[in-house]
Amino acid sequence: ITPFHASLVLFIGKASGAVTDPVAGFFISKSRWTKIGRLMPWMLACTPFTVVSYFFMWYLPPFVSGRVAWYLTFYCLFQALTTLFQVPYSALTMFLSTDQKERDSATAYRMTMEVLGTLIGAAVQGQIVASAHVSHHCTVNPPVNTTDSWHDTSSFPDPLDPLSHQAKVYMIAAGVIGGVYLLGILILFLGVKEKDDPYALNSDRAIPFCTGLGLTMKHGPYMKLTASFLLISTAVQLEQSNFVLFCTHAADLRSHFQYLVVTILVSAAVSIPFWQKILQRFGKKCAAFGIAWMTPFAAMLVTIPNLILAYFVAFVSGLSIAASLLLPWSMLPDVVDNFRLQNPHGKGHETIFYSSYVFFTKMSAGIGLGISAAALEFTGYKPGICRQSNDVILTLKILIGAVPAILIFVGLFILLFYPITEESRRETKLALEVLR
């Protein structure tokens, strides 16, 4: 399918996933406790369908004219089913322990495994499909009389045969990743025991979803946290989505970008325990300012494109990305506790908070994708060609350097007004123990 149709599929798919978040929160908040918990049945039920939709998302149908509709259908379905898993899975943190330190430790462990899973999944799928991308289109020296083709020839292939080698390796990769999905849900089911709301009294009633959503949107700590990390997540999305393009077209590091991406992921994975120690020692608000580390080094890479500097920037970016992944999920349980203290006779609000926050994180991804696509389209970016215009290169530098820096600093400025400190956390913990 054409790049335009591919972008349309991605945008609509992300939007469908975002719309599913409040819907998932609505139904999950009304679900009843079962022998295996209140959240676990949702995750068990949606995983097989998620695996099927993921496989068909990478399947090449035998027809050509309806492929856009095919990929749009299964990508939207995959995004919606992933949401039905992600919302209860994220909210599960609140039902593992009442101790704040234990929840913070569980969050750090979860995010470390998530980044490692991303790294392993990218490596496994990348190795399986590597044979479908063996091409020296942009790595060989062009003949003197073929300069125009070197600049303007697209590397996109013609529509593929469903029985071709390229199609088969993508289906094999999809099957392997689908098997990992099933292994993951098996480990979760056998290894995690969900606890019912430990603070709820028998007389307490579940907060209606619409009422709870209204109270959530009026809760000051939650709105400040969400606004701050919406901007920060958008900045990180801009960095992530444009880093490969920047290395390929602006920094002339085409042969190194795979290793730079691996450097980012490895740095993020190994640094999450470090950030966990930092937030325990200095507090979560203080640790959040470590996210800004990537901005000066990204600016240096934009002005001085250098291989050694690129690897250093990748390492530092991994540190900042780890902080941006860990801290909001570590701070969100504190917001939920604060809300519980202000609304002591309501229950079932956890999934409302988590579904709303998942919605905002997906919105940040959509904003980042939209900004990048619009800016590159406006400046004349042409997918597949080896050399882009100077306007495109300048746009990539701005998307990597200036825009993320502004978004991060504005987000951190908003976070200064986030009212939950380490002292107020301890006070909330004591008050909730009394309530319990």
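Using N, Cα and C of the backbone, Cβ positions are placed for all residues, glycine too.
As annotated by TrEMBL, signal peptide applies to 1-17. Annotation comment: TrEMBL describes 41-61, 68-89, 169-192, 227-251, 257-275, 287-304, 310-332, 352-376, 396-420 as transmembrane segment.
Long-range contacts of the transmembrane segment (257-275) within the same chain: residues 108, 111-112, 115-116, 118-119, 122-123, 126, 243-244, 247-248, 287, 290, 310-311, 314-319, 321-323, 325-327, each at least 6 residues beyond the stretch ends and with a Cβ under 8 Å from a Cβ of the stretch.
Cβ atoms under 8 Å from those of the transmembrane segment (352-376) belong to residues 7, 10-11, 14-15, 17-18, 21-22, 24-25, 28-29, 83, 86-87, 90-91, 207, 209, 212-213, 216-217, 222, 226, 229-231, 233-238, 241-242, 245, 328, 332, 335-336, 339, 392, 395-396, 398-399, 403 of the same chain, restricted to positions at least 6 beyond its ends. Sequence-distant residue pairs (6 or more apart) of the transmembrane segment (227-251) and the transmembrane segment (287-304) include at least 3 whose Cβ atoms are under 8 Å, placing the two stretches in contact.
The highest tally of CB pairs under 8 A with the transmembrane segment (396-420), across 68-89, 287-304, 310-332, is held by 287-304. Remark: the transmembrane segment (287-304) makes no contact with the transmembrane segment (68-89), by the rule of 3 or more CB pairs under 8 A. If one looks beyond the transmembrane segment (310-332) by at least 6 residues along the same chain, the residues whose Cβ comes under 8 Å of a Cβ in the stretch are 90, 93, 104, 107-108, 110-111, 114-115, 225, 229, 232-233, 236, 239-240, 243, 247, 251, 253, 256, 259-261, 263-269, 271-272, 274-276, 279, 284, 287-288, 290-294, 297-298, 300-301, 353-354, 357, 418, 420.
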